[in-house]
Amino acid sequence: MNECYYDKRMDFFYNKTNTDTVDEWTGTKLIIVLCFGTFFCLFIFISNSLVIAAVVKNKRFHFPFYYLLANLAAADFFAGIAYVFLMFNTGPVSKTLTVNRWFLRQGLLDTSLTASLVNLLVIAVERHMSIMRMKIHSNLTKKRVTFLIISIWAIAIFMGAVPTLGWNCLCDITACSSLAPLYSRSYLVFWSVLNLVVFFIMVVVYIRIYMYVQRKTNVLSSHTSGSISRRRTPMKLMKTVMTLLGAFVVCWTPGLVVLLLDGLNCTYCGIQDVKRWFLLLALLNSVMNPIIYSYKDDEMWSTMKRMICCSSEDKSQDRYSSRIPSTVLCRSTDTSGHYIEDGIIQGTICGKADLGDKGNS
């Protein structure tokens with residue numbers, strides 16, 4: 001029967017797996033690392049809080065897509081918490097950690113990654129439902145969106161806790177990985193392959209949706225007198241989502257590949273030399289997302305800017321926002337279905353209907 005080591009500190013496992021914990025992280029080097037880490041984490045907290053507040057504040061964002069976008073910002077905010085905890089529990093400190101504290105450190109990181117990944121997957125489903133029905137926004141109710149968000153976090157917390165629940169190497173030291181000394185190599189293979197497969201599926205789905213939207217938008221553009229900005233709305237949303245997904249894949253794929261190589265026990269891959277750089281790249285993803293929101297969505301940026309400046313919305317903007325429901329929610333009398341959301345075609349149809357009503361009166 002294998003002996004279990006629940007009462008050991010992490011130095012025991014690091015020595016057993018020959019893991020480098022960077023004992024030279026002291027003095028000036030440590031201060032520089034902490035300063036940069038603190039700056040990035042503060043940016044993550046502030047910027048993602050602004051995104052969430054913007055979605056809550058601006059009624060134009062009260063749709064399933066933006067609720068899920070706000071939840072993605074919440075996942076990035078949570079990632080900031082995980083990085084703060086990691087920052088003060090890494091380097092030479094790692095060897096002094098208890099087993100439970102180390103599991104907490106890694107569990108927070110795994111939970112944040114899973115929350116972002118599952119959230120992007122749900123957004124993919126929401127986009128697919130909307131676009132294939134030729135609408136900008138899906139008909140998901142607030143209750144269903146709330147249920148989805150709760151489910152996302154339940155899955156994320158569960159996946160983050162899987163190693164703690166038993167899939168670890170505390171009772172089989174020979175199965176321990178190098179990068180994560182308490183994780184079994186089999187778990188790292190499972191975790192990495194699962195995430196990489198989901199990455200691939202989402203990329204394929206979004207490319208398919210993007211091509212479909214582009215084709216439909218070009219076709220409909222020649223049959224409607226609606227404004228160019230309305231006709232381009234679905235494409236703009238898709239570009240935002242695809243940019244988010246692209247940044248996520250670019251930032252996380254190298255780290256997952258390194259974990260996969262470690263799980264496969266590749267002793268000649270030099271994974272110890274690159275692990276910190278890839279962790280930093282993963283951190284940058286949570287920094288990049290709020291920038292992508294504001295850069296790709298003018299309304300998001302203007303809402304965030306107003307909140308930063310603590311100024312109220314001007315009256316003209318209020319009047320413009322108040323007209324949105326009439327174009328977004330107006331429904332066509334055509335029984336064949338909705339066109340790419342009521343903001344692209346239905347605005348034109350409603351306008352014609354209003355003119356007809358005036359002519360009949």
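Quick reminder: no glycine exception, Cβ is built from N, Cα and C everywhere.
Copied over from TrEMBL, here are the features:
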DOMAIN    47-293  domain 'G-protein coupled receptors family 1 profile'
TRANSMEM  30-53  transmembrane segment
TRANSMEM  65-88  transmembrane segment
TRANSMEM  108-125  transmembrane segment
TRANSMEM  145-167  transmembrane segment
TRANSMEM  187-207  transmembrane segment
TRANSMEM  240-261  transmembrane segment
TRANSMEM  277-295  transmembrane segment
Top partner of the transmembrane segment (145-167) among 30-53, 65-88, 108-125, 277-295 - counted as Cβ pairs under 8 Å: 108-125
Stretch contact, the transmembrane segment (108-125) with the transmembrane segment (30-53), Cβ-Cβ under 8 Å, 3+ pairs: no
Whole-number mean of pLDDT values that fall within the domain 'G-protein coupled receptors family 1 profile' (47-293): 84
Remote residues contacting the transmembrane segment (277-295) - C-beta distance under 8 A, at least 6 residues beyond either end: 37, 40, 43-44, 47-48, 50-51, 69, 72-73, 76, 79-80, 83, 112-113, 116, 240, 243-244, 247-248, 251-252, 254-255, 258, 301, 304
Ranked first among 30-53, 187-207, 240-261 for CB pairs under 8 angstroms with the transmembrane segment (65-88): 30-53
Cβ-Cβ under 8 Å with the transmembrane segment (30-53): same-chain residues at least 6 beyond its ends: 69-70, 73-74, 76-77, 79-80, 83-84, 87, 91, 283-284, 286-287, 289-291, 293, 300, 304, 307-308
